[in-house]
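What Swiss-Prot records for this protein:
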SIGNAL    1-18  signal peptide
BINDING   Ser47, Leu49, Tyr192, Lys196, Ser227  NAD(+) binding site
ACT_SITE  Tyr192  active site, proton acceptor
Amino acid sequence: MGVMAMLMLPLLLLGISGLLFIYQEVSRLWSKSAVQNKVVVITDAISGLGKECARVFHTGGARLVLCGKNWERLENLYDALISVADPSKQTFTPKLVLLDLSDISCVPDVAKEVLDCYGCVDILINNASVKVKGPAHKISLELDKKIMDANYFGPITLTKALLPNMISRRTGQIVLVNNIQGKFGIPFRTTYAASKHAALGFFDCLRAEVEEYDVVISTVSPTFIRSYHVYPEQGNWEASIWKFFFRKLTYGVHPVEVAEEVMRTVRRKKQEVFMANPIPKAAVYVRTFFPEFFFAVVACGVKEKLNVPEEG
C-alpha cells in the first residue's frame, strides 16, 4: 500500500497542476471575452494604474477611451499599446481624450464627445486620484476644494453624465478605484480620506438606485497603489502595535495587481473588493466594532511620531 501511495502521489500532483492550469487559462480567456467589443472609459489613464488597466483591457479586445490631462503622455501610452498588440487577436485603436477631472466644467463636454463617437459606454473606470498629506490645520481650504474636485466631484460628474445612457440601455458597469481610507481615516490625510469617504458613500448609494436597471456599481479599494520601484523605508517599525499596523499598511499593492483585480471585478460583476493584507483588513472591522480601541491605538501612534509627552 505504501509503495502504491508513493507511485500515485506524483500522478495526483500532476493531475492537480493540470487542472489548475486549465482553470487559469479558462479564467484568462473568460476575462478577455467579458470586455471584447465593449466601450471602456479609463480616467487618468497615464497614471501607473491607468496604464496597466489600459494594457489589460486593450489586450482583452475593449474599445478604449483613454482620458488624461497630458496629451504627450497619452500619445506615448497609445504608441506603447499599439506596439505590443498581438496581430493575431482582435484589438481596437484607443481613442484619446484630454480630461482633467479637477476642472469639472469640461467633464460634460468630454462625456458628450465619447457618446457621440461610440453611441454608448459599457464600462467606466473612475481611476483618477490626487493625494495630499499634512496636518489638517496647515492644509488650506483652497487645497481642500481642489482635492474634493479631483477625487469626488470630478468622478461623480462624469458618472452622472454617462449614467443616463447606461440606464436607457439597461446595461453597464461603473468601477470606482478608491482606497481603504474610504473606510477609515489615517492621521495627516484628512482631506484625502474625506474625499475617499465621500466617493465611497456616493457609489454605495448609487448601487442600490441603479440595480433595477442592471447597472453594476463596483468599488475596488487597495491600501494604496505603490509606484513601480518604491518600497517602504527600513526602520524600527516593530516598536509598537500602531507602528506594526502602519508598516503593514504602507506596503500597498502593485499597479499590475490592481489592474488584474479590476478586470476580475468587471468579469464577475463584484460589488466591493478590498485589496490589503490581513492587518489593514482587520483594522476595518476593529474600527467598526471597537471604535474606541481603534482611535486610542491611532492616537498613540501620532503621539509617538510627534514625540508628544503623555499628560500626568
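The backbone N, Cα and C atoms fix where each Cβ goes, glycine too.
Mapped onto three states, the DSSP output places Tyr192 (NAD(+) binding site) in helix. For the recorded site, Ser47 (NAD(+) binding site), the DSSP three-state label reads coil.
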